[in-house]
Amino acid sequence: MGTRPRTKPHLLLLLLLLATRALVSSPAWNLAQGSPAAFGPVFEDQPLGLLFPEESTEEQVTLVCRARASPPATYRWKMNGTEMNLGLGSRHQLVGGNLVIMNPTKAQDAGVYQCLASNPVGTVVSREAVLRFGFLQEFSKEERDPVKAHEGWGVMLPCNPPAHYPGLSYRWLLNEFPNFIPTDGRHFVSQTTGNLYIARTNASDLGNYSCLATSHMDFSTKSVFSKFAQLNLAAEDPRLFAPSIKARFPAETYALVGQQVTLECFAFGNPVPRIKWRKVDGSLSPQWATAEPTLQIPSVSFEDEGTYECEAENSRGRDTVQGRIIVQAQPEWLKVISDTEADIGANLRWGCAAAGKPRPTVRWLRNGEPLASQGSAQNRVEVSAGDLRFSKLSLEDSGMYQCVAENKHGTIYASAELAVQALAPDFRQNPVRRLIPAARGGEISIACQPRAAPKATVLWSKGTEILVNSSRLTVTPDGTLVIRNISRSDEGRYTCFAENFMGKANSTGVLSVRDATKITLAPSSADINLGDNLTLQCHASHDPTMDLTFTWTLDDFPIDFDKPGGHYRRASVKETVGDLTILSAQLRHGGTYECMAQTVVDSASKEATVLVRGPPGPPGGVVVRDIGDTTVQLSWSRGFDNHSPIAKYTLQARTRPAGKWKQVRTNPANIEGNAETAQVLGLTPWMDYEFRVLASNILGTGEPSGPSSRIRTKEAVPSVAPSGLGGGGGAPGELIVNWTPMSREYQNGDGFGYLLSFRRQGSSSWQTARVPGADTQYFVYSNESIRPYTPFEVKIRSYNRRGDGPESLTATVYSAEEEPRVAPTKVWAKGISSSEMNVTWEPVQQDMNGVLLGYEIRYWKAGDKEAAADRVRTAGLETLACVTGLHPNTKYHVTVRAYNRAGTGPASPSTNATTMKPPPQRPPGNISWTFSSSSLSIRWDPVVALRNESAVTGYKMLYQNDLHPTPILHLTSKNWIEIPMLEDTGHALVQIRTTGPGGDGIPAEVHIVRNGGTSMMVENAAACLAPHPSAILSRSVLMLILIGYLEL
């Protein structure tokens, strides 16, 4: 390996003394000695620009600054580049790292502030923070001159806002607060000048106007009102005026990336002009397309730069204005520096780069000072824009460095620490491995990586023998010892010696030679079908003192055996067996498999190829050409056959992007596997289509190709006649014809509509009408000569711009009906109960006005007006109707009218009917019953009607027992009844009520229970409304009481 050059003793001693003195204070030296790690300041909070209201009641302003550092940082502040005095008694106080300004004033405190954080490692400077003072003065107290104009003219009312900082937002009041002027198409308030524009005045604009200006600052919001200005309007000027743009955006608008840009444009004119925006040298994003007087781009980007045009247009003309948006950007880092440790005497190059518009300039700081100002380093330090180069680093180069990029829109800082190290070789962190196993016949690399600065020179020994490079032994430039074709004789102790001018060190390891690993049973290549199972065998021998593991890769990618639902399984029979099983093989499982058997010292591997045959892959490059009205020519490129020849292709099409794919007819009908083109037949003209291709082989059909580009077939004459032809109804003198609109797939072309032909039945000549529009579904033919309900023959065809389609079958449609002309006769009405009456009449003969649908009965109380009559209609041509829901003992007037689809005819002469008195409101009482062997006898007290009630002519009894759940109705004119009853009947439910001319009365209800022989029970029954749930409960309780009584 050669000999080291000898160093003069007195020179070496001098170097060591200098290095030792510098290292005592070096962070790298302290770290090596085990003291806490030191690092320079890193900002965690930096000051932000602040807008402070001059009229604020706040007594202080705080600019934050906090840095992480070890040892902790101390802080200083600069204002406008000059270091500040932060001593006791000053209005400027340092709290932690924060700067607190007491009782801030614009004259003393407005300016640019920077925080400096320092510790023994170095100093960093924060970004700049500008403290500004905001204000808004009051409007002038002088009265405002009135504004005069003719009604119909445009007018502008100036705001003339007071002195202010920063910008304002504006609104206008009309007459009083809070009656604000709306932002509609006729009014516009410029947020640039505050002026109010009215495109065309009208009488509602008369009044007094005041401008409201609002300032928004960090701590407060302030608004001020102007004096009112009166708007007077002279007589209306009826003339129409072309637009004249009065609120114009500037010829050039500068904006920073990410800012909101607003362009204003408003015009006078009569009629009120419409506003349109466009980008002259590009397309306007749809999200910003607007008809408003302002064009807003919320977050502008470089793509938005260009010339924009506003057009104001009305029926009298147009006016335009153009202006350019110029987009610039603050600096933004593309490349920054990072903390770096470097060896003493080494070379170092740092670089940073920033984007921005205008292009940023770059400068460098070291410990907060411009780097060029440190003259002693100029011979070794080269600063060139974004590049900083050091030659032969020294300890004094350690410190905090900042790269500063700036343009007129801002400044950004990137910070990093440079730690220059001088260290004697040290193996404590990376010693040579104590035990180094190696396989016989193999190769071993033994690393020697001591920590050292500058880099140490390295030599190796085996025992006491210094090693030199040979055919089997090599020491690499980084100090690694490589031994090839290892044998047992290579076992022993190996020592690495490392040395630099700071000192020397060594580290030793023992090399142990083991038996080599070998594959004894290698995997065999295989050819399988999709879905098959396959086992690849792999056995190995190895040194018995070592652990053996198997790993598998597919095309150099490791196989994941733990993947949920995976297809791979590994054998776990014994350590020397590493078989791989593939379950339900997929196409993706084909490829080159490698089995690797390895120990900690060596490895052995063998490969095998697995071929998985399956259905073809998707065809590619589907192209549509030769587009006709019902045919297209389709071509494609072959996909993978997946190791099985393609037998045929299938073509599919769909008409909607999310529609269902359907197989199409082709020429040839059967497309062979070697084909790459075919004609598609049977398509619909003027229809949008996408196509795809599927390939098949003996193993199945593969995945489809991607869809083709969307095409539209050519137009053709309609081939199908409209359906659903019918009609009728409408106003007198009208013929209404309707049909089912034809869907898109039957239109076959643009300019679609319907061609209607119609004639009176029996006439020889046809009239025609062209009805444009595919969605149209009816046509109204009006002619005063058309008589009511006249039959017409009607037929229809569709058309498009290529011609007329086939004609439909002829249908008969009747013209509009008119109301019946004849009134019913012999109307008779009679009350049949307290709430019902029957009405009868003679029928009306069918007339030529239309088809009678039925009759309408109108009835109203005597003393009321006919306009308040209730109405009942029959559903057919019956001549009898029962009217219900009437009041008892009430006289009604009744008329009858015939009706058809056109309405009701004239009324019949009125007749009268009076409803009956209501039935008695008391149920039968004192109900008793007795049993015989085959019958049940029931008695009750008779019910006597009052003067205002109808007479009782009999009784109705509803009977139900447990053997026959269907109720049976019995009638009797007496106050008792006897009915047959089987001996095995155990329980019965009975309801008894009165009946008479006024209808049925309230029922009384009893439960009867039979227990052996003849029994008797007297009950004062109360009225019971059967449907209510509480009644059901009370019946059950009563039945239990009766059973208990009868058993006593």
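The backbone N, Cα and C atoms fix where each Cβ goes, glycine too.
Unlike curated records, TrEMBL annotations are generated automatically.
Some features that TrEMBL has for this protein:
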| type | residues | note |
| --- | --- | --- |
| SIGNAL | 1-25 | signal peptide |
| DOMAIN | 47-132 | domain 'Ig-like' |
| DOMAIN | 137-226 | domain 'Ig-like' |
| DOMAIN | 243-326 | domain 'Ig-like' |
| DOMAIN | 331-419 | domain 'Ig-like' |
| DOMAIN | 425-512 | domain 'Ig-like' |
| DOMAIN | 517-611 | domain 'Ig-like' |
| DOMAIN | 618-716 | domain 'Fibronectin type-III' |
| DOMAIN | 721-818 | domain 'Fibronectin type-III' |
| DOMAIN | 823-918 | domain 'Fibronectin type-III' |
| REGION | 903-928 | region 'Disordered' |
| DOMAIN | 923-1014 | domain 'Fibronectin type-III' |
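Between the domain 'Fibronectin type-III' (618-716) and the domain 'Ig-like' (517-611) there are at least 3 Cβ pairs closer than 8 Å, counting only pairs 6 or more residues apart in sequence, which means the two stretches are in contact. Counting residues of the domain 'Ig-like' (137-226) by DSSP class, helix then strand then coil, yields 3 helix, 38 strand, 49 coil. Between the domain 'Ig-like' (243-326) and the stretches 47-132, 137-226, 823-918, Cβ pairs under 8 Å are most numerous for 137-226. With a cut-off of 8 Å on Cβ pairs spaced 6 or more residues apart, the domain 'Ig-like' (331-419) and the domain 'Ig-like' (425-512) reach 3 or more such pairs and are scored as touching. For the domain 'Ig-like' (517-611), DSSP puts the residue distribution at 3 helix, 46 strand, 46 coil. For the domain 'Ig-like' (137-226), the mean pLDDT of the prediction comes to 92.
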